[in-house]
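The structure appears right after this line, and notes come after that.
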């Protein structure tokens, strides 16, 4: 390997100060050894940290005063002697005339690259900046402060080691302060006068998780929802049973995991919500982030009604309704159409008249022209929902639904208001409890009589012919997308509260596995119970299978009524559903509140204003669903709000990252966060696998586009019932569907108007902004022509009152860099 020193022959010495001996770790080998470390390796291979301090002003390049001294110092830097003066002047812009005052020169290199050259953003910073002390009296003594092996995690995002990085001018005699250690340093502030980047640690400003396990639980709560219990089992049942797992797991590898990993990496690296993230990639694209926010908000509007219904059932369980909702003698029952399923065994042996109704057995001909309903369905429709005759028929307020929704909104707003820490704490209950309860229900279900019949129809009857149907693969892809809440911006928002070095690949993998596990085990619990119900009724499993709301609110309650202690199993089931629903709702609301909060720094300490207004607006938008006609509006939102738009969102996200931000920049971002692969296996299958950039470049955009088309296919009128679902149902439905997509042109115009108002060059609308965390690195890789183009970029974002982000270099002056260290007891002024 060719060694390329940064300093000339005349500056190749580093002198040993008598106090420079108390560093620990690898630094000691560099400063105290004779050119090698304790392992025998050259110093540069052990630690790429060099420090050269020269108190110039004495007309000499030799250090003077307290810095002079030490034996064998030349040997320590022997490996720096191979570059000629001409080469140095050509390559090293730090070159200056020998007599130019240079009070402090510090060279810090982020190691881990098996090279003696600085790498990453530091290399490029050294090419255009000079680290100097503030001007002081000539030949004044220098006071040294050692940080031992402090890791500057808040500066370059990669492992940086600093030794003797601080030197400040004073009129006192030389001192060595050992009170500042790695553990005592709380904050590092780094600023630049005229060039370089202006970066400050925002860990104290941005909400953060107390620990990464809470983050993992919260994203599981977002992804694992009600659809895992009633939607996945039916998709499997309708599309080949256990054979459905083949397309489902294939879609998880091709679509689910790459999309989740991308969103997790974006949120964690940029530490901002989707609108700001995409605005920094190009202001014209900020609508992509607002599309995420709008999708989550529209889902939150109707999803909370579902949780409100579950709350009504919980109250019903606690007030003794379990003993009544399977019978036909209640005030909410219509005796002329109600069938008590608990009495059907009386006609089980009758081959022609198998329905027990009003004291005798009847055949199907007895019910022609009538819509018969089982008792549990009448409880749901006549007691809980109370629907009108159609989509535009409004008469009364459903106060049960209204009260349930209000309570759920208050609970959601309280958790969101408290921030990431409370969301993490709440997830211990709202996420862990459903997993515990579904396992309990699973083991209870498989021990029931007839459970084997249900499990056979669920997973034991594979139909591999279904694998050759496009509908099966379409169902698997849609289920994967909807189940993981991909395209909602939730993963980006929650990951923005992560620590920079968190293993977001592991988290994305755990979420996909956890979501799949809940789907499989939840489906097994459901179908084992349906097998029991079929056995109780004396019919086949297909005769009791229903999907969606009916499965949760009709079939399952009836099945539990046949078990011992039905109130207990009913309570556990609806508590599980409530936790699954509310954990997702909290994240959907947090996405919108966080996006607004990030762009309103004036309300930084008054988040309650944003949360209160946002939740109240969503409540007002959904209050129509608390009327008797609201059931049909709920169905409309469920059908249109997050299907096509969510698929479009994830497709646009991947296209923006792969083709506009560029895969190479994304790969470097992830390398900064996650570090290098540890072995061959992780290099091929881990976080830096070549598969993910390829997937984001081709596979996910193609599958996402296909999903947009497949999700757009509809039958009109809805459910073939034009009376209940008139043409207005579909017109408003498509409007709701397209509102998120409208965010892209709307906010593109907003960005254009902002640039025009501030007289910014409109070309900047299509360029990466200075506030991108990766911008210093991207800038350093530009050629001179590209660098000159960057001068048109705004130096701040619309909500900023002062310049932020990277400060473009001034060709006339390299500027000084000030570095401040804060501890509990000491504040070291800038140097």
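Each residue, glycine too, has its Cβ placed from N, Cα and C.
TrEMBL lists 1-76 (among others) with the feature region 'Disordered'.
Positions annotated as compositional bias 'Basic and acidic residues' by TrEMBL: 19-29.
Residues or ranges marked as region 'Disordered' in TrEMBL: 110-135 (among others).
Summarising the annotation, TrEMBL assigns Na(+) binding site to 221, 224, 228, 483, 580, 584.
Per TrEMBL, disulfide bond is recorded for 328-338. A C-beta separation below 8 Å, combined with a sequence spacing of at least six in one chain, links residue 328 (disulfide bond) to 335, 338, 339, 340, 375, 378.
Taking Cβ-Cβ distances under 8 Å and a sequence separation of 6 or more, the neighbours of residue 483 (Na(+) binding site) in its chain are 223, 224, 225, 227, 228, 231, 232, 515, 519.
Comparing the recorded positions 224, 338, 580 on other C-beta atoms within 10 angstroms of each C-beta gives the minimum for 338.
Within 10 Å of the C-beta atom of residue 221 (Na(+) binding site) sit 28 other C-beta atoms, taking all shown protein chains into account. Each residue in 220, 222, 223, 225, 226, 227, 434, 515, 518, 583 lies on the same chain as 221, 224, 228, 483, 580, 584 and has a C-beta within 8 Å of the C-beta centroid of that Na(+) site, without being one of the site residues.
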